[in-house]
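Working notes, beginning with the structure itself.
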Ligand SMILES: [Cu+2]
């Protein structure tokens, strides 16, 4: 079972138990239920212990939350052991530019429309069963990076980076189109992703 499911069950059961436990404590074991008193009841020490105890429990829960969030971040390569790096995708009038950071060196290529409707000179080549972080932006006007095979349509907005994680679990050539009208060549900037 996935670690996060175990954790959610644990937190859910803990919260239920805590609510019922404190209700029972108040209903059946508190000597002062329904009692009005003129003086301050001597509950200080007990209160202090409870405050410290539950502060520690809450701190532990926060710690576990952060731990789970950290371990489930694909870029940490834990949850998705096949994290394969990030790729920047820049929409331009009228082609796509892809660049990949490998060992501190950026290797990039421009992907131009070449012959037919869904044909480009350089496609984006990705490894099979990899998890890629695509950082999508635009160099000039609004574009949209759309890949129907992955149910993906992310706007490429100048001055803003949208990112999405793509899991390449299907081999082959996947074709998409710019889906935001970006000028005269809008129809001539197809997206070709080859999963090899
Ligand atoms: Cu366009």
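The backbone N, Cα and C atoms fix where each Cβ goes, glycine too.
Nobody curates TrEMBL annotations by hand; they come from automatic prediction.
Per TrEMBL, the stretch carrying the note transmembrane segment among 48-68, 69-89 is 48-68. The stretch that TrEMBL tags with transmembrane segment, taken from the ranges 7-28, 95-116, is 7-28. Here the transmembrane segment (48-68) has long-range neighbours at 3-4, 7, 11, meaning same-chain residues at least 6 beyond its ends whose C-beta is under 8 angstroms from one of its own.
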